[in-house]
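A.B. asks: Right, I'll just put the structure down here and ask away after.
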Amino acid sequence: MQKQSIFQSKLLPYALVAPQLAIVLIFFYWPALQAVIQSFLLQDAFGLSSSFVWFDNYIELFKDPAYFEAIVRTFFFSFAIAVSSLSFALLLAVMADKPLRGSMLYRTLLIWPYAVAPPVVGVLWIFMLHPSLGVLARYLRAAGVDWNPLLDGNQAAALIILAAAWKQISYNFLFFLAGLQAIPRSVFEAAAIDGARPMRRFWTVTFPLLSPTIFFLLVVNIVYAFFDTFGIIDTMTRGGPGTSTVTLVYKVYSDGLLGGNLGSSAAQSVILMVMVIVLTGIQFRFVERKVTY
Amino acid sequence: MVEQEGFRRYVAHIILWIGIAIVAFPVYIAIVASTQDNALIANGQMSLLPGGHFFEVYYQTIFVGTSGSTREPVYNMMLNSLVMALLIAVGKIAISIISAYGIVYFRFPFRMPIFWIIFITLMLPVEVRIYPTYKIVADLHMLDSYAGLALPLIASATATLLFRQFFMTVPDELLEASRIDGAGPLRFFWDTLLPLSRTNMAALFVILFILGWNQYLWPLLITTRDDMQTIQVGIRKMITTTDALTEWPVVMATAVLAMLPPVFVVVAMQKLFVRGLVETEK
């Protein structure tokens, strides 16, 4: 944890950590603490006074079917985004891992969407699938689909999942490719000598050896779907139609800002915090597994 | 390696090109739409080939903005995004490298508690502390300012961990040697450690610049003035106009301009990008 050879100084180390510590305390811990305190308070209609109400905000929240729906929806979105993006990225990575001419070019052409911001992703996809002017919506309607994500909640959800998964392909591709390249070639050769066909080699050799990467990416993708989809949702559907694309983060935002219900918004923040702690904990466990596999 | 079947490689090439096409298609559509006439697009008559309005659309987007809603020229939004991204990237690297230096190269009371205090911020993303943070920034009179945009995002547990890890691998002999040369802690940091960290800093910078440029929720909350909005926030406001028809060519040109800097960074500095991405996730 620490060097044997160090400097002696009483004040300098504090000066070195001070800027980071100041930022962290003012903009991270203080607001987090405020959120916890706020979640136990109930403000009157004018925001002038507030009273301590124990867990009332939390109880209200869990009695609210809309909140329960948002939880289920968020987990469903996460699952759908992770599975679709991971499987497509894995297919591409397995192909790009072969000794092909131009494999560097393929990599370049597949990783750049990482840099596209979520709100821009939202704009790109809503434009293509906009019910009245979208280029792809035209074909959907020609195929007989009654396509209108601005009115149909399930279609709106599908649109969000599609756009969010699209953005995450490049990230997953990159980590799968790195994972594949870390597998020694001799393992494949041994399997081939044993007579395993390519498909069988993939499921019995590659896939198990890749499982640490898959677990790691699964957690990262869930975190991504929880938090980074905010920009996509906000530009595409703004939670609508109705509440059919409201995720937990989006609900914190809209309840607090638009609804002005600070106690409930704070309670939601605290619940999200607990979820992040759990997810980060899982992530660290799997990262350890990845190293020692 | 194993059996080199020409057919399988052929299939691999085809699948990869299909993947590339799927990945690129939305952006292609955006570029095409940004060169066409709005009336055609609004009627659902958009062509899949580039139109002839490239210069006028981009001129309007960059220097004028949409004619209906906010009327903010996009060059100003890009400037705001650039300042914010640079402040976040440089700020995170600067405060993280010095705090990692303090934690690794000194022994002082509360060293480990301080390390943990920084580390735990990993679990407090801006999304879970939106309103209280907003309130603090408002109390500090930093709404609609670059400081308000960047400061609350500038702490970085990841970068601190990364530099700490890197400093641990720096041989002790270097410190001994510079001590013999009569160098104090600041001299050693500046002359020895900083040059050694150059690649790490560059890789981190690439990732953090993209991260900063792509911020959305935070700037959305704390900017109210049109001339302070970033491009990510600006583009959202362009498609929320209820009073006028959305000017899709301008919106798409803005989307292209919003993608340009970070995508350029990824493609041009691919090695550093990949390194930074893999290291920050460890």
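Each position is counted from 1, following the chain as shown.
Cβ atoms are placed via backbone N, Cα and C, with glycine included.
Quick paste from TrEMBL:
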| type | residues | note |
| --- | --- | --- |
| DOMAIN | A:71-283 | domain 'ABC transmembrane type-1' |
| TRANSMEM | A:12-32 | transmembrane segment |
| TRANSMEM | A:75-96 | transmembrane segment |
| TRANSMEM | A:108-128 | transmembrane segment |
| TRANSMEM | A:156-180 | transmembrane segment |
| TRANSMEM | A:201-227 | transmembrane segment |
| TRANSMEM | A:266-287 | transmembrane segment |
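Have a look at these and tell me how they're positioned relative to everything else.
C.D. replies: Residues 273 of the same chain lie 6 or more positions beyond the ends of the transmembrane segment (A:12-32) yet place their CB under 8 Å from a CB of it.
Packing against the transmembrane segment (A:108-128) from elsewhere in the chain are residues 92, 96, 134-137, 159, 162-164, 166-167, 169-171, 173-174, 228-237: each is 6 or more residues past its ends and has a CB under 8 Å from a CB in it.
Long-range Cβ contacts of the transmembrane segment (A:156-180) within its own chain (Cβ-Cβ under 8 Å, at least 6 residues beyond either end) map to 73, 77, 80-81, 84-86, 88-90, 92-94, 96-97, 107, 110-114, 116, 118, 121-122, 124-126, 129, 149-150, 206, 210, 212-213, 216-217, 220-221, 224-225, 228-229, 232-233, 236-237, 240-241, 244-245.
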